[in-house]
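K.L.:
Before anything else, here's the structure in question.
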DNA sequence: ATATTGACCAACTTGTTCATTTAGTCATTC
DNA sequence: GAATGACTAAATGAACAAGTTGGTCAATAT
């Protein structure tokens, strides 16, 4: 894999998380990556595709971290909870996701909105996979995996993001308890 | 209560739900209400206060409808479910709430955003009241009523509004089942 | 040949001006 | 004294100029 390609991705990722997608110019990226602007276009057909590439690797990274949080000796409930906690901790602490979510909220840049929507969809798909595994093993009762993953994800957003808009933030401990109490009890076999 | 005041409220409500808050002018409201523009300001100190007044009566109306859906002979689970269903059916079918929610989404008019936020807060407070009643009666186990009401509301938004953005809408029947399965099981005493 | 480049261009933003519109007031009318 | 609509200051937006920026491509370097 080309060295220049890596430089470009790295420069763009840094600039996106520093200034946001809209405020990053391709001239800027070229300068930071020590390449001519034209070179960027031999690897990526547009600024948007460059963003997509970067977000794709973020998605892989998140999935990887979530997988690392899973411990086969624990129950499905414990594991899905740990995976979701990882996913949202990442979202909250990673410079780039913070900046991009801000940009969607404040400016609504369409390209960024789309790409963050994809990130959400992929996280839901990830959880869905875990649910299907657990169903196959008989760890949880049969259910619509898409719907269940969707609800788990939305509940985590409610607890991690929306609650804080009008109340004191909840500790991860408290979120885990609530998640268990409200959502998982309904899935026990 | 003044007849003119009623005319003004009625005219404004009609214009807001027809054209939205921003696109409604006070001249327009005065004309529709058959009063001079100055008269509006003897009853309301600003356009924003006029909107607040109208939304306040919407809130009362929704609470009233939700109360009507409650049947003392049924369980808490049944009733909270019926009340929430009423609230969201109203939101979805009432001309004015539809138009105002659109306006928040598309233009983000601050006055409208604030007033719709208040509507949400009041609906959560309403549900919270029902939860506290049920706790007092021992119908459900003890819990943080604010947090529980918040989660119930967010779950209903997820099922009624957000799911439809990427999937086929769910029937009210299906929503009731899911709500019961996922959220209420965790509250049984 | 192939990879790289940066000057170049069309499309899009941004800044500015100026005419129109509109929320809110108040002297006048009924 | 309640109601009004002409009036005003502020906000909006249309129109235009100036400046940026994403993307291309002929020229250059390897």
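Cβ coordinates are placed from backbone N, Cα and C, and glycine is handled just like the others.
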K.L.:
Which one of these stretches, A:5-24, A:25-44, shows up in TrEMBL as DNA-binding region?
P.N.:
A:25-44
K.L.:
Which sequence-distant residues neighbour the DNA-binding region (A:25-44)? Criterion: at least 6 residues beyond either end, Cβ under 8 Å.
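P.N.:
That would be 2, 4-5, 7-8, 10-12, 14-15, 50, 53.
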K.L.:
Within the domain 'HTH tetR-type' (A:2-62) only, compute the mean pLDDT.
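P.N.:
Within the domain 'HTH tetR-type' (A:2-62), the model's average pLDDT equals 96.
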